[in-house]
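Step one of this worksheet: look at the structure below.
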């Protein structure tokens, strides 16, 4: 027994978990802290944080396919180590620059009429964006490629590993920001910067060693499928089209650069061709994504990002306006983490009992059924929905009265997202009529209670569905395309996420939040309808026949691009 325990803790699978936990912990601390730092530096204004969020989302949207292509074109170890070093070095450098700004902000304001400080802000956002792009490359190569190779031919092992990775994500999403938040609260932002920089330096060294160990213990990682030539790619796409028509099948988002499929030219590539190559890669990546048999499943997952029904700063800010305290919000976030972990457990059980594709169907129905509660909450007592109120009435009134606009109309982003505890130190979140003598009657909590009951319960189906689509992509995208397809998938996810923020910008007042809820539920429904169409094409008449998969069935009996027997 002792030998088996030692063997597990030295196995490639456990070392991969450990490396992912370290990487995710540092990642979550940084994402939480950088938004808070930017708010703190810019006089409690959300401007820098908004710019940072826009730059990050726009960069992944535009460069996702190029990052995936780079992942596909290079060896696994080189990609993993390079992205690890770039990510952690960028965070360390950013931390050092932020410490300098915190220490010498007064002096920087006076130099060159404040332009030097503005340059520092630009530098911080640029380097932080580079760190996020490197993090995206790390996620693609480890979670979409390495994990498949380590699991080998065993699909059940792959499902268990995917579920474990998600559980690590759920725990670090809650615990890491809480840890660094305490350091920043009881210390100072500068101490927080120093701690995060030190953590990333230590973590980088340990993760580098763990990657090397996993690479040594898994010889198949050294072998990577050769790039497909253009002629072979056309034949492959024809075959896919004969199995599942692209217009009716499923499209998957890829990260691999399809420009890698172009035949090698013996003559020197001209300057114009070099300039055009990234644009060709971008175009070919999206075309290759569309031609994937799992295109609709990937699109279905992306549509779930177009929602306000999550624990981000928007939903929690709305809850605060409805009378929920920070402590209650933190408890609700903890409950959502628990249901998220339950979703990963449900995924592994359902997959064994019903198969992978049917698991996605069941998860989708479960998520949508729970979100019906959110739709009902819009019409319950306590709901502020009133579409006759102009979304910009308050802003217009302030402008005409020459009153200064509030710098923070909602809780600090990421802070609530990460810990569920708004920062009340400057009183900027409290409503304008929060004076006890002027406060109105308490708002009935039935509506907001139903809203969060639906959001929390839906996490079970959400995370099970997420794992289903993730494994469908892992199993049905050929090895040489994994990077670019997953890169495009990330781009599509960010695109829908951006649309949801634009939707909120167009209707920012609490009276319109009910409409946003109904739109969100509609997009979730459309996403699951896309997945249903994919499942229908893949399973045909056996769609609703839930049976235990034959254990004797060869794990890799399904060729890439055909999901009919997954």
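Each Cβ is built from the backbone N, Cα and C atoms, and glycine gets one as well.
Please treat TrEMBL annotations as automatic predictions, because they have not gone through curation.
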Stretch carrying transmembrane segment according to TrEMBL (options 443-462, 463-482, 543-562):
443-462
Would you mind telling me which of 115-134, 135-154 TrEMBL tags as transmembrane segment?
115-134
Per TrEMBL, which of 20-40, 83-103 is transmembrane segment?
83-103
Using TrEMBL as the reference, determine which range in 267-293, 294-320 is annotated transmembrane segment.
294-320
Out of 46-71, 83-103, 115-134, 294-320, 326-349, what stretch is closest in contact terms to the transmembrane segment (512-532), meaning most Cβ pairs under 8 angstroms?
294-320
Cβ under 8 Å to the transmembrane segment (483-506), counting only same-chain residues 6 or more beyond its ends: which ones?
53, 57-58, 60-62, 64-72, 136, 139-141, 144-145, 252-258, 260, 281, 285-286, 288-289, 292, 298-299, 301-308, 314, 391, 473, 477, 516, 519-520, 523
Should the transmembrane segment (115-134) and the transmembrane segment (83-103) be scored as in contact, given a threshold of at least 3 Cβ pairs under 8 Å and pairs 6 or more apart?
yes
Below 8 angstroms Cβ to Cβ, which residues of this chain, lying six or more residues outside the transmembrane segment (326-349), approach it?
159-160, 162-164, 166-167, 170-171, 173-174, 311, 316, 319-320, 359, 363, 416, 419-422, 424, 452, 455-457, 459-464, 467-468
